[in-house]
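Data first, discussion second: the structure below is written as structure tokens.
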Amino acid sequence: MYVEMIDETGQVSEEIKKQTLELLDFAAQKLGKKDKEMAVTFVTNERSHELNLEYRDTDRPTDVISLEYKPELDITFDEEDLAENPELAEMMGEFDSYIGELFISIDKAREQAEEYGHSYEREMGFLAVHGFLHINGYDHYTPEEEAEMFGLQEEILTAYGLTRQ
């Protein structure tokens with residue numbers, strides 16, 4: 001999985017960036033999404049607040065904002081068209097590979113790590129996986145959805161080695 005990583009804060013360590021890349025790749029393999037692309041931007045609470053207001057109409061900072069990429073146009077070609085035009089096939093493959101972007105508030109991650117009594121590394125990993133699952137269609141609006149999403153999220157974090165400490 002290709003992840004474009006941007007640190008708007010200038011405060012995220014190389015270890016956290018590496019962990020985030022590895023964890024997202026691990027989660028992508030688990031979901032069969034290893035050939036996909038996404039972006040992760042680390043932000044402050046102030047920036048998170050702005051984004052939350054812009055995209056979710058919620059006037060407060062949040063820990064992670066997940067923006068799933070859904071192309072406006074549903075473009076399909078039959079196998080014959082793609083076989084006759086290899087450049088088109090390649091272009092469509094690239095078009096389908098981008099799945100979305102995450103904005104992770106490092107301030108919220110620190111606050112929540114302290115509040116929940118685990119490490120900052122664990123919280124950053126949790127937020128990355130949580131956001132990644134949202135981008136891939138998981139949600140927690142109903143008890144059933146929550147059980148499925150939170151179960152998968154815990155399974156990924158535990159298998160990766162980021163347990164609650």
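Heads up, the Cβ atoms here are built off N, Cα and C, so glycines get one too.
Under the heading Zn(2+) binding site, Swiss-Prot lists H130, H134, H140, citing sequence analysis as support.
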Sparsest Cβ surroundings (other CB atoms within 10 Å) among the binding-site residues H130, H134, H140: H140
Cβ-based neighbourhood (8 Å from the centroid) of the Zn(2+) site, residues H130, H134, H140 excluded: S66, G131, L133, Y138, D139, M149, Q153
Collapsed DSSP category at H140 (Zn(2+) binding site): coil
